Amino acid sequence: MSTALLDAVVKKNRVRLIPFMLALYVLAFLDRSNIGFAKQTYQIDTGLSNEAYALGAGIFFVVYAFLGVPANLLMRKLGARTWIGTTTLLWGFLSAAMAWADTEAKFLIVRTLLRAAEAGFFPGMIYLTSQWFPQRNRASIMGLFYMGAPLALTLGSPLSGALLEMHGFMGHPGWFWMFVIEGLLAVGAGVFTFFWLDDTPEQARFLSKQEKTLLINQLASEEQQKVTSRLSDALRNGRVWQLAIIYLTIQVAVYGLIFFLPTQVAALLGTKVGFTASVVTAIPWVAALFGTWLIPRYSDKTGERRNVAALTLLAAGIGIGLSGLLSPVMAIVALCVAAIGFIAVQPVFWTMPTQLLSGTALAAGIGFVNLFGAVGGFIAPILRVKAETLFASDAAGLLTLAAVAVIGSLIIFTLRVNRTVAQTDVAHH
């Protein structure tokens, strides 16, 4: 009876929270990656150099690295609704402000402020998931959330491409309208957050008293099985550092490809970045949608975290590397494999810290791991450009990213993860 009721509660939470979280992630990812679509014409119009573009794409992550931990602790203190709603409003306005960043200095300043506003969003979403869903459901729940990335790049690619075609409307370039319109969408979502989100299950307006009690008791029982709830213990735990390094390698693969993908696809097609290239750019993200649905569900069903994550990241590395060596059609196929790999690995990966940590340690630990991811995002475009310049080859940059992803997969294989927890949970499903 309690198992059936708990499943019903999880379903209610999923219906209430996942579409909301997914929509926010779509907007966040779109605002974060739309600079890739603007790159070609934006650089021509503003005179922005390749080095400044790479620095701007990378510096976006520096502030994030420093603010991730305190942002998550602030969310724990202030409440999810206030924190997520406020930060979403801020990043929406700042994303729109990119439309007026027509010099290198303005570009770097706005990108830095935008990342500061976004710093608490993603780790906050991971923490929010741990407060609303039992351990046995988290990979598939995170998989649904992570579909926001391929959705943003599937729907957002044609959207961004179409907005770029507005060049000349009211005397402004296409990238101006892309930044303004996509930024204001996030502003609207921030306002909606204040009316929709509850801070904790105890405050949930859509759950009965019995449902709240059952969920709270289930989550409390899982907390008792975790290694630590203190931040100091978390930072002394070797597995936390392993997770942080792994996440760095994942983000190198992700952002080393995403920031340059529209340009890479346009080069494969022999055209400029516009609507046609943007539609083709969406193909890998359509593939990633299916992978992000299936792979985390398989992980939840089997209770297998480590091997699923390692093999998925390995596939991403192989796909990235081959995309620079094959014919245009096969290169698109390789990019599909890469996108499936580096998107689908992340929801499986994030079950590991939520299985290991609890309380304040979990909030700060997620921020700590995400800090390393921010470092990965910072160095990724710089690493790719440096490799391309050093070897005078676009393929060299892709092979460098691939090598980092393969190293990450090998580290995952060495990680000790308590598979029994997931298996036990599945057995009770």
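From the backbone N, Cα and C atoms, a Cβ is placed for every residue, glycine too.
Membrane topology per Swiss-Prot: Met170 and Leu269 share a side, carrying the same topological domain name. Listed by sequence, the residues of this chain that lie at least six past the ends of the topological domain 'Periplasmic' (38-54) yet keep a Cβ under 8 A from its Cβ atoms are 101-104, 107-108, 160, 164, 167, 173-175, 178-179, 259, 262-263, 266, 272-273, 381-382, 385.
Contact check: the transmembrane segment (55-75) against the transmembrane segment (362-382) gives at least three Cβ pairs closer than 8 Å, residues 6 or more apart, which meets the contact criterion. Within its own chain, the topological domain 'Cytoplasmic' (165-174) is flanked in space by residues 41-42, 45, 99, 274-275, which lie at least six positions past its ends and keep a Cβ under 8 Å from the stretch. At the 8 Å Cβ cutoff, the transmembrane segment (362-382) and the transmembrane segment (243-263) share at least 3 close pairs (sequence separation 6 or more) and count as touching. Confidence across the topological domain 'Cytoplasmic' (264-274), taken as the mean pLDDT and rounded to a whole number, stands at 81. Note on the topological domain 'Periplasmic' (383-394): residues 50-51, 54, 252, 256, 260, 264, 267, 324, 400-401, 404 of its chain, located 6 or more positions outside it, place their CB under 8 angstroms from a CB of the stretch.
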